[in-house]
Amino acid sequence: MKLQLVAVGTKMPDWVQTGFTDYLRRFPKDMPFELLEIPAGKRGKNADIKRILEREGEQMLAAVGKGNRIVTLDIPGTRWETPHLAQQLERWKQDGRDVSLLIGGPEGLSPECKAAAEQSWSLSPLTLPHPLVRVLVAESLYRAWSITTNHPYHRE
């Protein structure tokens, strides 16, 4: 199984790159994790936000591998405690399909992305900055992996 993070935004601060890359490198070779960045639509005073969301959504879905399980990151999604995320990761592995996790831009995800998702994951009821979400997702998935393999990273 391969994990794929598809996220809107291409110019992240150095701390985001450093944090995300740190966790990315920790994943084992049998569970590759990749990041695909989708350019954010140009937002301005007179921007058509609905159209921008639609375009971003089209690009995100086009980046998802055929047959991949799509999981959106969205506030109204399911909140998993760490042990539950580890169980979810195991179920995804047993399913045998690659998993694409979608992070939208400032206005969130398009309705098409939400409709295409098999699952929706909420990190928090708080609105989080999208760059931070990349690091949180990578760390959370690495921690879940560490639980499933009895790696000492996670401590109760």
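For all residues, glycine too, the Cβ spot is worked out from N, Cα and C.
Just so it is clear, the model here is predicted, and its values are computed rather than measured.
In sequence order, the list of same-chain residues 6 or more apart from L126 (S-adenosyl-L-methionine binding site) whose Cβ falls under 8 Å from its Cβ is empty. The S-adenosyl-L-methionine binding site feature in Swiss-Prot is assigned to L73, G104, L123, S124, P125, L126, T127, L128; the stated evidence is sequence analysis.
Around L73 (S-adenosyl-L-methionine binding site), the same-chain residues at least 6 positions away in sequence with a Cβ under 8 Å from its Cβ are L101, L102, I103, G104, S120, W121, S122, L123, V133, V137. L128 (S-adenosyl-L-methionine binding site) carries neither a helix nor a strand DSSP state and counts as coil.
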